Every structure is written in structure tokens, then in C-alpha cells.
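As recorded in Swiss-Prot, the features of this protein are as follows:
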type     : residues      : note
SIGNAL   : 1-29          : signal peptide
DOMAIN   : 31-136        : domain 'Ig-like V-type'
DISULFID : CYS54-CYS120  : disulfide bond
DOMAIN   : 147-246       : domain 'Ig-like C1-type 1'
DISULFID : CYS169-CYS227 : disulfide bond
CARBOHYD : ASN244        : N-linked glycosylation site
DOMAIN   : 253-347       : domain 'Ig-like C1-type 2'
DISULFID : CYS272-CYS330 : disulfide bond
CARBOHYD : ASN291        : N-linked glycosylation site
CARBOHYD : ASN318        : N-linked glycosylation site
COMPBIAS : 337-354       : compositional bias 'Basic and acidic residues'
REGION   : 337-361       : region 'Disordered'
TRANSMEM : 372-392       : transmembrane segment
TOPO_DOM : 393-398       : topological domain 'Cytoplasmic'
Amino acid sequence: MPVPASWPHLPSPFLLMTLLLGRLTGVAGEEELQVIQPDKSISVAAGESATLHCTVTSLIPVGPIQWFRGAGPGRELIYNQKEGHFPRVTTVSDLTKRNNMDFSIRISNITPADAGTYYCVKFRKGSPDHVEFKSGAGTELSVRAKPSAPVVSGPAARATPQHTVSFTCESHGFSPRDITLKWFKNGNELSDFQTNVDPAGDSVSYSIHSTAKVVLTREDVHSQVICEVAHVTLQGDPLRGTANLSETIRVPPTLEVTQQPVRAENQVNVTCQVRKFYPQRLQLTWLENGNVSRTETASTLTENKDGTYNWMSWLLVNVSAHRDDVKLTCQVEHDGQPAVSKSHDLKVSAHPKEQGSNTAPGPALASAAPLLIAFLLGPKVLLVVGVSVIYVYWKQKA
């Protein structure tokens with residue numbers, strides 16, 4: 001029986017089978033697609049490039065791949081296969097190649113701020129917006145960053161020997177968090193210090209702050225305090241920061257006042273020796289009985305081996321100008337500190353008066369007068385007595 005021309009043409013069994021298999025294949029492709037991120041975590045040094053691997057097992061459903069840092073509504077778009085400008089991101093494979101399933105990316109010039117978990121996400125093509133289809137498990141990127149050079153700071157004001165002063169050491173921007181810090185004075189490790197690493201929790205980078213206590217001695221002008229930082233990112237020696245104790249210490253002077261004889265009559269040379277002081281800034285004032293005689297600023301200093309200085313000032317005193325004893329004072333102002341002083345008592349002796357014509361003879365001269373008279377008049381007396389005796393003799397004989 002012939003088939004009427006008005007009946008619809010029924011699909012052949014082959015066509016039905018083809019359509020059915022195509023539909024089943026598409027559904028199976030969607031169900032079987034997997035987004036594979038083989039690296040659970042990677043670590044990259046700051047300044048280098050990081051490669052984030054991602055492959056898919058199917059090209060179905062049709063739609064782009066996008067990369068994000070973080071998950072949830074606040075995640076950050078790192079790369080979009082179809083649109084956008086991402087100057088630091090390049091693809092590892094040729095995405096224009098047919099049947100490409102490798103969507104790995106490379107991020108250049110990594111900084112600590114790039115640390116985080118990166119997700120490779122497959123989208124299904126939609127209109128007007130694409131719909132997220134499946135995400136990879138994520139790859140955690142950690143950044144190894146070197147610590148900055150340690151900066152050591154001392155106290156704001158100078159301190160004298162036997163006092164305890166504090167020094168601080170800071171270093172920033174390193175990752176991971178583990179770090180070692182040590183203090184040294186002249187090569188000897190210090191133990192009295194406290195160290196903190198911030199923040200306490202997870203962070204893209206960290207900072208370290210340490211405070212050490214140092215007891216000053218008179219020999220510390222040439223001493224150094226060193227802060228040493230060791231970190232996994234440092235290939236060679238640890239980083240070091242240094243502070244010179246010459247910028248911290250003040251060594252007060254010791255004074256000695258002495259009297260030196262001079263050849264000139266009625267003059268005495270008094271010297272003031274200022275010893276073992278640091279820093280150099282010093283002013284000296286001479287006082288006679290409390291009155292200022294002379295003020296001078298230290299110059300032409302003598303440096304000692306320990307870094308301290310010596311200086312000597314002298315004062316020439318005219319003794320004849322004084323009727324009474326003189327108190328000489330050497331007063332020193334060092335580095336803006338209250339003055340210190342040392343005194344010396346200068347004895348003024350009574351001077352003998354010149355003898356005049358009316359000056360009474362002393363006891364010694366009075367006792368010697370009779371002897372002197374006898375010595376001068378003795379021969380004359382004997383002569384007179386002799387002449388008298390001869391005259392009497394001739395008178396009687398006649």
C-alpha cells in the first residue's frame with residue numbers, strides 16, 4: 001500500500017541513533033569534565049615568576065576559563081581567557097590551538113602581596129553572562145621575601161658609664177615568618193633582649209622588632225653593637241645592622257690642678273689637666289678667689305688609645321700682686337653638662353722690707369758692736385798708754 005504524500009517523513013533509524021548518541025555524548029562530556037590543578041602549593045622568591053598549572057579533561061561545555069585569587073564574593077580576578085588586560089599574566093600554552101586543554105598561566109615579578117590561593121574556574125557560555133561550571137581545588141602560592149637590612153637605633157641622649165641603655169633593631173617585608181635575630185657587642189653575644197615578630201597570624205609579609213639592653217663602660221668609645229638577622233631567603237651571611245657606642249656614651253673628665261715653679265721672680269704657673277673625657281666639646285674657666293680670670297674652649301686635644309681625650313690649660317699668677325693667699329679654681333663644662341671644678345690654694349709669703357738709714361739694728365748687730373769697737377780702737381789705746389809710761393819714766397830720772 002503506497003504511503004500518502006501528505007504524511008511526514010519519519011527519520012530513519014540511523015539518524016535517530018546519531019542524534020541520540022550526540023545528545024548522550026554532550027551530557028556525558030559535561031558530567032565528566034574535571035578541572036585539574038596538580039600543585040597543591042608552590043613557593044616562589046620575590047621578583048621571580050610563578051607558574052600555576054591547570055588542565056581540563058573536556059572541551060564541553062563551551063565556555064571560557066578564568067583564574068581567581070581567593071574564593072567567594074570577594075575573590076580577585078587574575079586572568080580571563082576571553083577578555084581583559086593582564087600585563088603580568090601570560091599563558092603557558094597556545095590557547096588558539098584546536099582542542100587545547102592546558103590553561104596554565106605564568107605571573108611575572110612576584111611580590112609578597114601576590115601570596116594566596118589561586119583557583120582555575122571553568123565557565124559555561126551563557127547570554128548575557130557566563131555561568132560558573134566547575135572550579136579546580138586551588139593552588140596556594142607562598143612568596144619567599146628577604147628581610148630588609150636591619151636598622152639599629154640607640155638612645156636619644158648620651159649616657160655615662162655604668163648606666164644601662166637600650167638599642168632597637170627593626171627589619172621588614174620578609175616571608176615566611178620564621179626568622180632568627182641575635183645581638184652582639186664587640187663580637188660577644190648579648191642575652192638581655194626581647195624580640196617580636198608581627199603580625200602573629202598569617203600574612204603576606206612580616207616584620208621583626210627587637211630591644212637589647214647594654215651596660216656602658218668607660219672603654220666603650222670604640223665599641224659597637226650589632227644586630228644580626230638570619231632568614232631562609234638569605235643565601236650567604238646574615239644581614240647586619242650596626243650602632244657605634246661613640247654616638248651614645250659620654251665619659252666625664254677628671255681634673256688635676258698643680259703648681260709649677262717658674263724662673264721669673266714673684267710668678268707661679270698653675271696648670272689644670274683635664275683627662276679621659278669624651279666627646280670633645282669642653283669649655284674651661286679659671287677663677288681667682290671666685291672671680292673669672294679667663295675662659296677658653298678646648299683645642300689641640302690629645303687622643304688616648306681608648307678614644308677619650310686629654311687637655312691641659314695653664315695660668316700664670318703674679319704673686320707680688322696679692323697680699324693674701326689666693327684660691328685658684330679650674331672649672332670645666334663638658335658636653336653641655338653641669339660644671340665640675342677643682343681648686344688649689346696658692347700661699348703668698350710676706351716679703352722683707354728694704355733697710356733704711358734710720359732702721360734700728362737687730363739684736364745680732366747690737367751684740368757685735370763692743371767687739372767691733374774694741375777691734376778698731378785697741379791699737380790706738382795701747383799706743384797712748386805706751387807714750388804715757390815713757391814720759392813718766394824720763395820725768396822721774398831727771
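Just so it is clear, glycine is given a Cβ too, placed from its N, Cα and C backbone atoms.
Cβ neighbour count within 10 Å across all protein chains ranks CYS169 highest among the disulfide-bonded residues CYS169, CYS330. Most buried of the glycosylation sites ASN244, ASN291, ASN318, judged by other Cβ atoms within 10 Å, is ASN244. Put simply, of the recorded positions CYS54, CYS120, CYS227, ASN291, the one whose Cα is nearest the Cα of ASN318 (N-linked glycosylation site) is ASN291. Comparing C-alpha positions, ASN244 (N-linked glycosylation site) sits nearest to CYS169 among the disulfide-bonded residues CYS54, CYS120, CYS169.
Residue pair CYS272 (disulfide bond) / ASN291 (N-linked glycosylation site) shows a Cα separation of 17 Å.
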